[in-house]
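Student: Pulled from TrEMBL, these are the listed features:
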- 58-78: transmembrane segment (TRANSMEM)
- 64-347: domain 'Sugar phosphate transporter' (DOMAIN)
- 90-111: transmembrane segment (TRANSMEM)
- 123-145: transmembrane segment (TRANSMEM)
- 177-194: transmembrane segment (TRANSMEM)
- 200-218: transmembrane segment (TRANSMEM)
- 239-260: transmembrane segment (TRANSMEM)
- 276-299: transmembrane segment (TRANSMEM)
- 306-328: transmembrane segment (TRANSMEM)
- 334-353: transmembrane segment (TRANSMEM)
Amino acid sequence: MLIPTPLLGEKHQTLATGISTMGTSCVDDTDLEDVKASKDRDMPSHLLMLPNIQNQSLLSGFAYCIASCSMILVNKFVLSGYGFNAGIFLMIYQNIVSVTIVSALSLSGVIPTEPLTWKLIKVWLPVNIIFVGMLITSMFSLKYINVAMLTILKNVANVLTASGETYFFKKQHDRQVWISLMLMIISAIAGGITDLSFHAVGYTWQILNCFLTASYSLTLRHVMDSAKQATKSGNLNELSMVLLNNVLSLPLGIILVLGFNEVEYLLETPLLRMPMFWLVITASGVLGLAISFTSMWFLRQTSATTYSLVGSLNKIPLSIAGILLFKVRTSMENSISILLGLLAGVFFARAKLRNNSQS
């Protein structure tokens, strides 16, 4: 499952899928041009030969924005609107939906995926453990925090990831990048202070989620080469990572469902006897996977710069929709803090891409 994440995660919003299900991406967008090239290379040729639709870049961008916005709004509706109190079960179900669809497409020859060998699983397992923690904490925080504030708070993961890149990988960021990251911190703090619906439990889960998101990005960068060497083809495309992450998350998710005692709630809740509820959570799983496909389509049709900026600008309508749809109480001070955080995200995207082009 995937949650739309901060711009750092925008690059591999689907890498996480499950993250697709929450739409939290998760990996730094420093190598977007390389990702664009690898997507072109990894996507099967018959998928690349899309119908000759006029303005396909506009259509693919619109589809990507709709999928990524809808994902988090649907999850918020399930957790807060329905009052569903089994976030781990929701994650498992969404991942089952993704695994089912990707496996069916792979077996039918529509998409290519790498075989899940024991060698590959051993390399990927540490990444997957962090991945599951990231998805679960994102679910827990989303239940208590409004969508607009959640979007701003997720920016903190960008700060942690950039700091980790500098410390562990000796990557240098220019002054504009650090200024935008500082603005993100200021907006997150100011937003939290002025949040009329502040919930300590939700904020605690979100802070933990930021650390796990940054850890996921940095760990993924560290193990990616080893993971590619563990495959038969010597490559690991995005759909293979979707399948790998979601399959490995299932046994750990089941253990956590038992550990958090969600079974008792699931046996008692009337929601699981409502066909409409099952339709909604199934749709959330499909949307998570849709983020993967639309992001690949959009990135192929446009440039890395456009892809990053659209991903960042997309948070503005998402925040507005979250406030309006869920009737969030807000203040002028809180709205200004949210706007500052959203603009800082756009500034960050431009600064990162400029920094990358110069280096």
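Using N, Cα and C of the backbone, Cβ positions are placed for all residues, glycine too.
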Student: If you count Cβ pairs under 8 Å, which stretch among 123-145, 177-194, 200-218, 276-299 touches the transmembrane segment (90-111) the most?
Tutor: 276-299
Student: What mean pLDDT does the predicted model reach across the domain 'Sugar phosphate transporter' (64-347)?
Tutor: 92
